[in-house]
Amino acid sequence: MNKDTKIYIAGHRGMVGSAVWRTLEKKGYTNLIGRSSKELDLKNQEAVLDFYHIEKPEVVIDAAAKVGGILANNNFPYQFLMENMQIQNNLIDSALKSGIDKFIFLGSSCIYPKFAPQPLKEEYLLTDSLEPTNEWYAIAKITGVKACQAIRKQFQKDYVSLMPTNLYGTHDNFDLKSSHVLPAMIRKFHEAKNNNHSDVVLWGSGTPMREFLFVDDMAEAVVYALENKLPEYLYNIGTGEDLTIKELAETIQEVTGHQGTIVWDADKPDGTPRKLMDISKMHNLGWKHKVDLKQGIEKTYTWFLENIENFKEVKL
Ligand SMILES: NC(=O)c1ccc[n+]([C@@H]2O[C@H](COP(=O)([O-])OP(=O)(O)OC[C@H]3O[C@@H](n4cnc5c(N)ncnc54)[C@H](OP(=O)(O)O)[C@@H]3O)[C@@H](O)[C@H]2O)c1
């Protein structure tokens, strides 16, 4: 891959897209392009095709999606299904029609069946039913994986899908109404520390096990897929290591300097007992994450402190 290859990062202002942009810049890539959703609504098929014709990107990295938690998925199932399919269909189909040879599609571990064996292997895709709370989003993502697979099969183009585990890091969403567990905990412990080390109340028993990957490591995986022609159509991206939610809370408590008590509200649901990705396919190719969880939480907390004023205004 030449450093002046024209690379379009869809969703370049999001947590993942911005990490990919930063990483590519650091590696010397000089011809990156991005558009905000205001400048280019990816739901608009004609606009996407026009954009490709004018800008002529040589590679597309799709980090654009309508993302949200259980509540949002539950309240807006149609939008989660349809908008995600529209975004990715327009990006993928227009790329094929525009003669773009390389496309990296980002999905999520929710594409795998709810009761699939752990750790989750790529071949478990479509072997059983999905988790009902986010099946709308998951089905959209599965169609994106399948579209890229079909293009590989029929047109022999390098269209590949990467499925990340839970991601966290700089530019994360710290809005307690819609954030994921790790940034939500950072915010709760920080605020409790400033509130005279008051108790932090967390949902469930603390026993479920989860895996977390720092977003810059995700970006490195995307760069790996960019610089190498991966032999298969689908790859899990994660650390291959998990920990209990209780251990996660204790790590965040230590990093934030909170000295109060953690109270587990056992009346609240725990969710799936374990969710861990099998990442042996990427490991066998030579990619491995670099940032361990504590380091990643420290970096994220530093970013949180530096940006607290900005996102307080925007997200609350
Ligand atoms: N965060 C995680 O834990 C996680 C885990 C696994 C997989 N992923 C995957 O990684 C990808 C990126 O996630 P993220 O966490 O970076 O999400 P994010 O921070 O919400 O960013 C999503 C981006 O998509 C863009 N977008 C949404 N709708 C659009 C539209 N109609 N037209 C143009 N752009 C649109 C947004 O652009 P604007 O900012 O310009 O509006 C935004 O920059 C998603 O596919 C997600 O499934 C994320």
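Glycine is treated like the rest: Cβ placed from N, Cα and C.
TrEMBL has this to say about the protein:
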type     : residues                                : note
DOMAIN   : 7-238                                   : domain 'NAD-dependent epimerase/dehydratase'
BINDING  : 11-17, 106-109, Lys141, 164-167, His180 : NADP(+) binding site
SITE     : Ser108                                  : site 'Important for catalytic activity'
SITE     : Cys110                                  : site 'Important for catalytic activity'
ACT_SITE : Tyr137                                  : active site, proton donor/acceptor
BINDING  : Lys188, Trp203, Arg210, Asp270          : substrate binding site
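Recorded features from TrEMBL, shown on the structure.
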residue	record	contacts (Cβ under 8 Å, 6+ apart)
Gly14	NADP(+) binding site	Ala63, Ala64, Val67, His171
Gly17	NADP(+) binding site	Ile9, Ala10, Gly11, Gly34, Ile61, Ala63, Ala64
Cys110	site 'Important for catalytic activity'	Leu130, Glu131, Asn134, Tyr137, Ala138, Lys141
Pro164	NADP(+) binding site	Val16, Leu106, Gly107, Ser108, Ser109, Leu213, Met218, Ala221, Ile237, Gly238
Leu167	NADP(+) binding site	Met15, Val16, Phe212, Leu213, Phe214, Val215, Met218
Lys188	substrate binding site	Leu176, Val200, Leu202
Trp203	substrate binding site	Asp265, Lys268, Pro269, Asp270
Arg210	substrate binding site	Asn166, Val181, Asp242, Leu243, Ile245, Leu248, Arg274, Lys275
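Of all the recorded positions given, namely Gly11, Ser108, Tyr137, Asp270, the one with the smallest number of surrounding CB atoms inside 10 A is Asp270. Look at Lys188 (substrate binding site): DSSP puts it in a helix. Ligand 1 lies within reach of Ser108 from the recorded positions Ser108, Cys110, Tyr137, Trp203, Arg210, Asp270, judged by a C-beta closer than 6 angstroms to any of its atoms. Here the binding residues for substrate are Lys188, Trp203, Arg210, Asp270. Their largest Cα to Cα distance works out to 19 Å. Mean predicted confidence for the domain 'NAD-dependent epimerase/dehydratase' (7-238): the pLDDT average there is 96.
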